[in-house]
Each structure stands twice: as structure tokens, then as C-alpha cells.
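**Q** Take a look at what TrEMBL says about it:
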DOMAIN    27-58  domain '4Fe-4S ferredoxin-type'
BINDING   CYS38, CYS41, CYS44, CYS48  [4Fe-4S] cluster 1 binding site
DOMAIN    59-90  domain '4Fe-4S ferredoxin-type'
BINDING   CYS70, CYS73, CYS76, CYS80  [4Fe-4S] cluster 2 binding site
DOMAIN    135-164  domain '4Fe-4S ferredoxin-type'
BINDING   CYS144, CYS147, CYS150, CYS154  [4Fe-4S] cluster 3 binding site
Amino acid sequence: MQQAVNQSRRNLFRGRINRVGGIRPPWSLPENKFLDTCVRCNDCIDACETNLLKKGDGGYPIADFSQAECTFCEACVKSCSPKALLKTDSQQKPWNITATINDRCLAKNKVHCRTCGEQCEVEAITFRLAPGGVALPNLDTDLCNGCGACVSSCPVSAVAMKLSTEQP
Ligand code: SF4
Ligand code: SF4
Ligand code: SF4
């Protein structure tokens with residue numbers, strides 16, 4: 001019975017991930033293993049120096065980029081005793097997410113703005129002059145590390161984070 005309840009909760013949560021794009025903390029296990037391993041203790045949320053991590057559906061942690069970014073400090077990973085967050089080698093990427101810029105972007109609407117690019121330490125967002133004199137942002141997803149610094153900086157909420165590959 002408990003197994004059925006757990007499965008139902010997992011299915012519900014998976015559905016919500018797909019609908020609203022909830023993103024797990026960096027270095028999370030693949031989703032099914034994450035849900036089996038995370039004990040919803042909040043230790044990663046408390047450890048996060050930028051308050052990026054929040055309680056999501058079912059009490060499981062998610063990354064909320066609306067007001068914060070990830071500095072990749074690894075405090076969350078170190079705080080996770082059950083190892084639902086696990087970094088096994090120094091080259092392991094924290095996650096498969098990248099920024100995306102939608103059509104609300106001021107520059108795409110012919111208003112000068114380079115705010116997101118100014119936040120990007122790895123220079124994944126560059127600007128190219130377009131006909132009409134306003135430079136348009138170009139996002140290099142290979143360079144983007146998914147820190148999310150560009151998201152809250154956008155004055156018209158045109159930047160969001162998305163999974164660059166489907167979560168397992
Ligand atoms: S790596 Fe640091 S900043 Fe990023 S989510 Fe973990 S604790 Fe927060
Ligand atoms: S510290 Fe680990 S077990 Fe606790 S809520 Fe965060 S991911 Fe889950
Ligand atoms: S998420 Fe970070 S690395 Fe990616 S474009 Fe935005 S600021 Fe740059």
C-alpha cells in the first residue's frame with residue numbers, strides 16, 4: 001500500500017516537473033533515484049548561501065531562479081547525508097540546464113537592453129547588432145553553466161532556465 005502511495009506521489013511529481021519545469025538542486029541523482037533517496041530533511045535548503053533552494057511539491061527541494069542564482073559552492077551537496085545530491089568527480093556537471101530568452105526580451109522588441117549579458121560571468125550571452133540599430137542577445141548553450149544569474153536580472157522576466165536534456 002505504501003508502495004502504491006509512493007508511486008502515485010512520484011507520478012504526480014514527475015508530471016509537475018514536466019508542466020512547470022521544476023529543477024532539482026545541483027548534482028541531484030536522476031529523478032527516480034532522487035525521490036527514493038531524498039528524505040526531505042531541508043538540510044540542502046538551509047545550507048544554500050544564496051537561498052536558491054526552496055521546498056517544492058511534496059516537500060522535495062527545487063532550485064528557484066526567480067530571485068537567486070547558483071554559485072556552485074557545493075554547500076548543498078556537502079549537507080546531504082543520504083547522498084541524494086552527489087558529486088563523484090571534479091568534472092561532473094552540476095546539471096543539464098541552460099538559460100533561454102523568450103520574445104518578451106526588450107532588445108527583441110527594439111528597446112536597448114544588455115542586462116542579462118552583463119550578469120553572465122562566462123560570457124554565454126553576447127549581443128549582435130541587428131538591422132534597426134538594436135543589438136540582439138545570442139545565447140551560447142554550450143558555454144552556459146546554468147547558474148541562473150541572468151534570470152532575475154531581466155526587467156521583463158524574459159529569461160528562464162530549462163532542462164537541456166530530459167530528466168531521467
Ligand atoms: S551549490 Fe551552493 S549556491 Fe548552488 S544550490 Fe548548492 S548551496 Fe546553493
Ligand atoms: S539534504 Fe538531501 S535528503 Fe535533505 S532535502 Fe536536500 S536533497 Fe533531500
Ligand atoms: S544561466 Fe548563467 S551561464 Fe547561463 S547565460 Fe545565464 S548567466 Fe550566463
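The backbone N, Cα and C atoms fix where each Cβ goes, glycine too.
On a predicted model such as this, the values are computed, not experimentally measured, just so you know.
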**Q** Would you mind sorting out which binding-site residues among CYS38, CYS48, CYS70, CYS73, CYS76, CYS80 put a C-beta under 6 angstroms from ligand 1?
**A** CYS48, CYS70, CYS73, CYS76
**Q** Which of these binding-site residues (CYS44, CYS70, CYS154) have a C-beta closer than 6 Å to some atom of ligand 3?
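**A** If the test is a Cβ under 6 Å from any atom of ligand 3, the answer is none.
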**Q** By a 10 A CB contact count over all chains shown, which of the binding-site residues listed here is most packed: CYS38, CYS48, CYS150?
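**A** The residue with the densest Cβ neighbourhood is CYS150.
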**Q** Can you give the mean pLDDT for the domain '4Fe-4S ferredoxin-type' (27-58), rounded to a whole number?
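**A** When the pLDDT values over the domain '4Fe-4S ferredoxin-type' (27-58) are averaged, the result is 97.
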**Q** Does any of CYS38, CYS41, CYS48, CYS80, CYS144, CYS154 have a Cβ within less than 6 Å of an atom of ligand 2? These are the binding-site residues; tell me which, or none.
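**A** CYS38, CYS41, CYS80, by Cβ distance under 6 Å.
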**Q** I'd like to confirm something. Which of the binding-site residues, CYS38, CYS73, CYS76, CYS80, has a Cα closest to the Cα of CYS147 ([4Fe-4S] cluster 3 binding site)?
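**A** It is CYS73, whose Cα lies nearest.
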**Q** List the binding-site residues among CYS41, CYS48, CYS154 whose C-alpha is within 10 Å of the C-alpha of CYS76 ([4Fe-4S] cluster 2 binding site), in sequence order, or say none.
**A** CYS48
**Q** For the binding-site residues CYS41, CYS76, CYS144, CYS154, which one has the sparsest Cβ surroundings, going by other Cβ atoms within 10 Å?
**A** CYS41
**Q** Using a 10 Å cut-off on CB atoms, tell me which of the binding-site residues CYS70, CYS73, CYS80, CYS147 is the least crowded.
**A** CYS73
